[in-house]
């Protein structure tokens, strides 16, 4: 946003236009972007979150032999979904202690869900005996397709929001004329100026990340947003098959022969892949028409250590285990997409890089948050009567409360629901999600009913309390309290508890700063500013 | 270990670049540093950042190396900025 307060005698310059564009593009979908940013940020730890949300599954001390596990779960699936035209397993790895399986159901009636999914225990091959939950995948899916609406609508909304974000980034860079001169500038206690400095710092330090993540986010769904090239170029079934092979190791079922024949050893096929990519290097096993003479099996490489999501897989004849093809490279266009896709998801990361992703993405969340709050800070000073702001101001202010402080409350409530909802509850996994949205709606109601400053403070305190007490709730409701996790070296649970406390502290600091802050209604430069009055959170 | 070394190089690099700027010099030393010192800081900072890049790229190749470098520079710059703000606050309080 512009800092240029001087009137331009020669009309509106480019920078001023960009500033206006930045302000309004940022505001219009800012709340959606904030939610996308925050849920996306926590999704860098979605596998760890899933482990925490299934506390019945023991902590994984090492990655089990993927070949053995693949055979075990494949046997289970043959029994569980006989006649399925296709199933696919994500094998356990350093971050996943369960096997996620997805399958198509044979002969699903129109309007019926034609697929199923489940998590399996690597040790037994059986469906995991843990509470029903979507785990960290809820935040991950919400991040790009939201909820309570058709998936395609959600993805379109996410796409429009990402496009707005891209415009906001480019216009923001043009508006912020002194990127290098003001690189380390922060003017404390200067009201709007301080907010701008904070917004700038959060934006500029993570600029490569913010630009990359927004652009690559659009790339992940580009075939949905811009399908025309593909429609024009890919016309035959053979073309489509070739395209699919360039994009995904998720091989598609062809025609079954109708002749029954059991699958050959999946274990041997995975062994073959392990020789090529290392013991823990296999990601996924997909079978088409298992049990039919036309069965095919694809064993795909995992995502670890390579900045590309382009598929690498071995294709086997299902009934004999004969290696049919080795797919280890794709064309330059597909590889470009593969690299951009991988950059967005960051699944190649080691632990340190994952934390870097998380922290910079959190800065991006704060960038959107400070931008939203700044809209009100900037305008509050100019309100004719601050006690009775105009409707637009009122709406933005209240939406800010619910979408920033309220989202923290709702996300914490989701984790509370995971620990509190009875395991026998019907539709339990869905009720965890309903809890999230019910609480989020309540924060909006609270934000509308309470005076703005009180609403901010109360919700920030509530978020801090929910987060701070979550490890205690975990200790009371599971066999894995903090001290035991620490003694057992269960770093996923230890990390989760520590993270909750750290985030609780962050929310408490924000609550205190907001509480102490005295909003000014005069322009900042005309008032004397005490240090406490220069609180980071000038909202209220 | 390479992560740590790269991060420290980014941190020192950005610290040097910050000390080479007018406002931090004014805040820290109360006066601008002599031109040769500023230049040395600027060059040293840039070399330090390039060192981190070289370290990461030689370790993980260009793909992963650049991604990691981007993360370390963002975090390094953020930490330097945070430290400058804390320093500034302390100075303001003691006055």
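Cβ from N, Cα, C; glycine included.
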Matching A:201-225, A:226-250, A:251-275, A:276-300 to TrEMBL annotations, transmembrane segment lands on A:201-225
Among A:320-339, A:460-479, TrEMBL marks as transmembrane the stretch A:460-479
In TrEMBL, of the candidate ranges A:398-417, A:518-537, the one given as transmembrane segment runs A:398-417
Cβ-based contact of the transmembrane segment (A:398-417) with the transmembrane segment (A:21-45), 3 or more pairs under 8 Å
yes
Sequence-distant residues near the transmembrane segment (A:21-45) by C-beta distance (under 8 Å, 6 or more away from its ends) are 1, 136, 139-140, 142-144, 157-158, 160-162, 164-165, 167-168, 171-172, 175, 213, 346, 349, 354, 357-358, 361-362, 364-365, 368-369, 371-372, 375, 396, 399-400, 403-404, 407, 411
